[in-house]
Ligand SMILES: Nc1ncnc2c1ncn2[C@@H]1O[C@H](COP(=O)(O)OP(=O)(O)OP(=O)(O)O)[C@@H](O)[C@H]1O
């Protein structure tokens, strides 16, 4: 099944995008899913993330009677896989993944840069979401850099995340909203470090050890994009998903995956050298990679003559 052939309005790339009208899709209403894989898996080095995300997405997609759209808020240090996971979710639903006309990605610093334009952004965001969900109920909206979003802006989408059956004739109950943020990373690291220092296994960290602390921490953080947000206040975010900081062994796993994906034989020496080049924190213990797995692929270029 090919998706509609008219791409979202090209002017979307610019600030004015919203005001130049919504995307028109040739096959309006025809946004059948590429596949809702019953075996939908997330190959990610984090027991919490794979467990929560897979259950949440699979459960939501198989529930024809969902009472509200799915809202996932992914939190963690840089390079811990938040964009990676949102890409996997998009690809599990639409053949073209993030390139699908039904997947909309907003980057706070790019699409909502000016504090003085908040009211304009709010109107534009509502129109964009309303228009696109009217065309495709199973639209996916990804908000990256939530921690850089001006406080209050995200509250504009509150009505769409709520339990309404219809709003002006449109149902938002099949839509998926994903928020990505570095806010809360300190809290997550604190819990992970606590487990580590007490000799407890990382795999024993439960979602319940983090969820509440995470939502409270972003709610009270002026720089989280969710500061005093009604989305949290009204419990409209279904899951706060903590991405644990990545350890040396995880970085090596990332290097291995990258080498394999390039079709090379894995060289254990290169694996270790790339992981050794990363820097680790906290200063004393040096457990977690401060860039997660980011820059791994760039570092590999040095070792493989491409
Ligand atoms: N937990 C993980 N499991 C598997 N691969 C990972 C994981 N974390 C990161 N990676 C790899 O590292 C790359 C960079 O991660 P990604 O861009 O998703 O990080 P991020 O959390 O979105 O970072 P940022 O907060 O800076 O946007 C991914 O494309 C993926 O290849």
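These residue numbers are counts, starting from 1, taken along the chain as shown.
From the backbone N, Cα and C atoms, a Cβ is placed for every residue, glycine too.
TrEMBL lists 76, 77, 78, 79, 80, 81, 82, 83 with the feature ATP binding site. Positions annotated as domain 'Torsin-1A C-terminal' by TrEMBL: 246-303.
If you take the C-beta of residue 77 (ATP binding site) and look for same-chain residues 6 or more apart in sequence within under 8 angstroms, you find 182, 185, 188, 189, 243, 245, 246, 288, 290, 292. Sequence-distant neighbours of residue 83 (ATP binding site) (same chain, 6+ residues apart, CB-CB distance under 8 A): 144, 180. Of the listed binding-site residues 78, 80, 82, the Cβ environment within 10 Å is emptiest of other Cβ atoms at 78. Note: residue 76 (ATP binding site) has non-local neighbours 82, 182, 184, 185, 188, 242, 243, 244, 245, 292, i.e. same-chain residues 6+ apart with C-beta under 8 A of its own C-beta. Long-range Cβ contacts of residue 79 (ATP binding site) within its own chain (separation 6+, distance under 8 Å): 246, 289, 291, 292, 293, 294, 295.
Each residue in the domain 'Torsin-1A C-terminal' (246-303) gets a DSSP state, and the totals come to 32 helix, 5 strand, 21 coil. If you average pLDDT over the domain 'Torsin-1A C-terminal' (246-303) in this model, you get 93. Using the Cβ center of 76, 77, 78, 79, 80, 81, 82, 83 for ATP, the list of other same-chain residues with Cβ within 8 Å runs, in sequence order, 84, 182, 243, 292, 294. Around residue 81 (ATP binding site), a 10 Å sphere centred on its CB holds 27 further CB atoms from the protein chains shown.
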